[in-house]
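Participant: What TrEMBL lists as compositional bias 'Basic and acidic residues' is A:416-435. Look at TrEMBL and you will find A:400-435 tagged as region 'Disordered'. Sequence annotations record features per position, and here TrEMBL assigns transmembrane segment to A:21-39, A:59-76, A:83-101, A:107-127, A:134-152, A:172-197, A:217-237, A:243-260, A:292-313, A:333-359, A:366-387.
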Amino acid sequence: MSTVQTTPRPSLISALKNINLRSYGMIIALVLIMLLFQVLNVTLQNENFITPLNLTNVILQNSYILILAVGMMLVIVNGHIDLSVGSVLAFCGAMSAIALSHWDWPWYTAVLFAIALGALIGVWQAFWIAYVRIPAFIVTLAGMLIFRGLTLKVLDAETIGTTGTFNELASGYAFLGVDLRLPTLVVGVLGAALYVFFQVRSRRRQVKAGIAGRSQLAWLAQVVAVAAVIVAAAYVFYSYKGLPIIGWILLGLVLLYTFIANRTVFGRHVYAGGGNEKAALLSGVKTKKTTFWVFVNMGALSGLAGVIVTARLHAATPGAGNAFELDAIAASFIGGASVTGGVGTIIGAVIGGLVMGVLRQGMQVLGIATDTVQIILGLVVLAAVLFDVWNKKRATGGGGLMPPIVGTTPGGSGDAKSKGKQTEESSEETKAGAK
Amino acid sequence: MTEEILRMRGITKRFPGVLALSGVDLGVKRATIHALVGENGAGKSTLMKILSGVYAYGDFEGEIEFDGEPAQFKNIRDSEAAGVVIIHQELALVGELSIAENIFLGNEQKNRGVISWDRTNTEAARLMRQVGLHDNPATLVEKIGVGKQQLVEIAKALSKNVKLLILDEPTAALNDTDSENLLELLRTLRDEGVTSIIISHKLGEVLAVADRITVLRDGQSIETLDTEADAVTEDRLIKSMVGRDLEHLFPPHEPKIGEVFFEVKDWTVHHPEQRDRVIVNGASLNVARGEIVGLAGLMGAGRTEFAMSLFGRSWGSNISGTALMDGKPLRLRNVPEAIDAGLAYATEDRKHYGLHLEYDLRENFTLPGLGKLSKRGVVDQDGINTVSERLRKEFGVKAPSVYQLAGNLSGGNQQKIVLGKWVFTEPELLILDEPTRGIDVGAKYEIYELIQKLVDQGKGVLMISSELPELLGMCDRIYAMSAGHITGQVDRENATQEELMRLMTLETASGGEELRQ
């Protein structure tokens, strides 16, 4: 099996083949969907779809789903699910509106209050899930009822209006009097430059250590493409009113959580626990503690999303956040989360949420009825999970509906002889494991 | 009626890039018990998967003739319709269903689409009598032992009018009595006209029960022996299976044994759910620096339970006893504390407990030692890369790069990753639980060398193994365990398989006595 070791021919096709479909498939899908709507819109309505206004609207209208999706991705990667986020969001949003309007708290205290309250709810649910080991599905199903009920109770079936800076969080373009238009462009260009700098540095180190994974060309194509997308996005927002405040919040969250997921011990333990809990436990990972904090975090982000929803509607309503948990879950799966846990990226969740947002926005612009939109979104979720299943099979070389047989993977081992022995061995081992 | 019920000719099976079987011939005579032996990876299971239709006709080269007719099984249903039934080592039973329901699972006894419980139960009772199972057909399968579950599988096969019964390691999980019963049942079935193919690693058992034996090695059929006509001995079989002398199975090693540094005293562990059940009973042992200490015992003796309870209470309840390192008592309340204390435990079950198969080498190598590669909770990515690449080379993991997923590697290479990830935590004592299970001979040798290298650095190794020759070949001292008690220890010079087996099968009460004297 010497073929495994040969370096790929430096052609564009082989470079493209090297691109990890799981990581970049969704970005490509997002771009394709946007182009599709552009073409449809131009031919059917003689209008552009890819306009700064439309893209800004996608961000504004989906911001809270994206916030929830970031937390949900960690929950799903850790091997759980959270059905309560919509209700928790509503309750925290309601309490922040009460703090703001009835108790006359300053806007920032109201925001922090909602986030802290969300975290506290997270502690409640996390305790049952992580330490009492009640399945998250059940605990959060109960939470969904409990916190919706509490929302109705504190709001007394009424709507509480909010005013001032608080509302700006969800839709403003200037923060405390600072216009964010020029900063959008500057940060976009700087960000792209920083991205290129870090990629080059890490590539250099990998080459030095002799473990550069992909071919130079594939790597270069990725770096250039991503940098171009960053600059292009910055320019698009710049040419409207700049990135809205919520866009900055999202950007910060994505960077922060990507860092947590990839570069902290906690993040790696979230993945390890979700990928194989027993092995993680025996490797010294405190899986219970990790799960606990994943749900506390989900609660806190639900609290933040509650603030954003309230601010966007300029009011806390009893029905806020209804079924948002399903959108967040769908975003995670569209964005590449594995159904069995252990796999998924923060950026993937955000892109999954954007795919849904763009589809909604695009179909709305085309005048497609909401019922049809629902059906199409449902099919997209199914297709995304199918893609995950197919991709996994492609990666591990299994066939049919049976679990993949490890030994049949091409390019698995450099030693043909030992590989031939794997097939039998792996089946023998699974048996041994089951006794 | 031909004399041979089965004839497989020139069976060749390729997996991408790999030749798993190469021109294998197998003839099985009607109403005999035919054993298939060979090392792990010799191709036994692959051959049986072809026979039972798991690999469809056309996926392999060669011909199969079954019961006088050419057989072209496309799936398991086809082969079962023809009368070939395979019983995997991992039993295909549903614990929550009754014995009767399991026997007729997928083949329900029904009248016009409605299940007839009457017929299900009476038929099941008849089949159960035939296999010597005297339980109530309504008993849930999870309530009966593995031995009886094995019988349920055979009853299920009989319900399908089996002509050729294939058993993959049927006695691996059984105790001696259950094994003997099962083999006796196979003899009875043979006299009733049912042909069996049995895959087994237990050569004594093979010689006792089989009429004919076919040896496979490296995907080829080496020879077929007749146990009556040929004078077949275990040594004869081993030579044929291994194709080399036993002498060279273990690398030469000059032990440099230092002082005793690790001691366990009066270690007692109870079952995690049935808290009054004692699994490990007052076990004491010690390990010296530079020493490879073996722990022998039959299945259920409590070896793995002992090791896992020691390793941060990963198993069991109500654990008592003391563990000392260099005379100081250790705090081992959870796995991180055990790792900090200088212990490492490489599990017997790589795939489920040892590795993250969906993750690459880097993640697997660095998971337990991640603390060493991070500052204030932030991971040093370059450090991970460098360390993984170093470990990959040091442990001779045959993978093209550190980005390779662990699940894509062979058992031997996976085991090297498990060793690597624990060596990176720099333990003083490594507990290796069945370190060579399911690994081929070549890789075993490399694992042995790695273990010897570790003790030469002054570490201690406690090696649990079910293969007595392995313990005898590798260990400087061997403890034997039986029913939760450590029943004795033998040093390298005095260790023989017979002596170990005697200690491993000692009755518990007297076993405890012997140790105290």
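The backbone N, Cα and C atoms fix where each Cβ goes, glycine too.
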Participant: May I ask you to check whether the transmembrane segment (A:172-197) and the transmembrane segment (A:134-152) make contact, with contact taken as at least three Cβ pairs under 8 Å and only pairs 6 or more apart in sequence counted?
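Facilitator: Contact between the transmembrane segment (A:172-197) and the transmembrane segment (A:134-152): absent.
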Participant: With pairs restricted to those 6 or more apart in sequence, evaluate whether the transmembrane segment (A:243-260) and the transmembrane segment (A:59-76) have 3+ C-beta pairs under 8 Å.
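Facilitator: In this chain the transmembrane segment (A:243-260) contacts the transmembrane segment (A:59-76) - 3 or more Cβ pairs sit under 8 Å.
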Participant: Hey, does the transmembrane segment (A:333-359) touch the transmembrane segment (A:59-76), meaning at least 3 C-beta pairs closer than 8 angstroms, sequence gap 6 or more?
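Facilitator: Between the transmembrane segment (A:333-359) and the transmembrane segment (A:59-76), which are separate recorded stretches, there is contact, as judged by 3 or more close Cβ pairs.
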Participant: Name the range, of those listed as A:107-127, A:134-152, A:292-313, A:333-359, that has the largest tally of Cβ pairs under 8 Å with the transmembrane segment (A:83-101).
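Facilitator: Result: A:134-152.
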Participant: List, by number or range, the same-chain residues at least 6 past the transmembrane segment (A:134-152) whose CB is under 8 A from its CB atoms?
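Facilitator: Sequence-remote neighbours of the transmembrane segment (A:134-152) are 75, 80-88, 90-91, 94, 121, 124-125, 128, 295, 318, 320, 325.
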Participant: By a Cβ-Cβ criterion of under 8 Å, what residues six or more beyond either terminus of the transmembrane segment (A:292-313) are in contact with it?
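Facilitator: Distant Cβ neighbours of the transmembrane segment (A:292-313) are 60, 63-64, 67-68, 70-72, 74-75, 78, 80, 82, 84-85, 88-94, 96-97, 110-111, 114-123, 125-127, 129-131, 136, 162, 166-171, 246, 249, 253, 266, 270, 320-321, 324.
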